[in-house]
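Quick look at what Swiss-Prot lists:
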type: REGION; residues: 94-265; note: region 'Disordered'
type: COMPBIAS; residues: 99-175; note: compositional bias 'Basic and acidic residues'
type: REGION; residues: 104-138; note: region '5 X 7 AA approximate tandem repeats of D-R-[SG]-H-D-K-S'
type: REPEAT; residues: 111-117; note: repeat '1-2'
type: REPEAT; residues: 118-124; note: repeat '1-3'
type: REPEAT; residues: 125-131; note: repeat '1-4'
type: REGION; residues: 139-144; note: region '3 X 2 AA tandem repeats of [DE]-R'
type: REGION; residues: 150-163; note: region '7 X 2 AA tandem repeats of [DE]-R'
type: REGION; residues: 245-255; note: region 'Important for interaction with TXNL4A'
């Protein structure tokens, strides 16, 4: 088994190994890695006419037929009656672009000719423009005078209108302030009696379901110098008579006296 080349050189430097074995030469095989789109086998099997080849299109993944002499292509075989032989899409696009460029150049030339004719027509029109400018200037001066008068009249009208608006705004502001004061006041003096009349009746108040007069906030409260007779001072009307309630002792005495009279009888 031969030693590695690196080890042989190290041993040769030290004087241990005197004979160096030559490195084996590797055989380099050159291969063509270029993708040839022409399918020669399919061309031979289909029996295509001379100069026609079957080519694979890598962009769409489909084969087409190409004539090497005329550089025309077809999706179907030349033997097929439905085949349409035309130029490739790339060549058609380039030819269309060239035609558009030529058309644009012709349009540019015609536009330049029109510009030259327009310039020649513009020269005699300059004299007319000067006279028109003079007329325009006089018209402008006249219009400025009219505009000045109209502006002054409009200012006077706006001033009068603003005065009328200011007066109406002042009156409206006074009315708003007056209403606001009346709303903010807790007990307005002028509306005390009206507010009392407008208050709704309490359904538990006797005056809401009988002829009893409507009471005030102090009705039913005890008075300082009022004798405690036990009479219902709030009762009024034909069905309610003001009389004191009898005490329990008076009731017992009245019952005893009534029983005595029954026994005597």
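Each residue, glycine too, has its Cβ placed from N, Cα and C.
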- Intrachain neighbours beyond the region '3 X 2 AA tandem repeats of [DE]-R' (139-144), with Cβ under 8 angstroms and 6 or more residues off its ends: none
- Query: What are the DSSP helix, strand and coil residue counts for the region 'Important for interaction with TXNL4A' (245-255)?
  - Reply: 8 helix, 0 strand, 3 coil
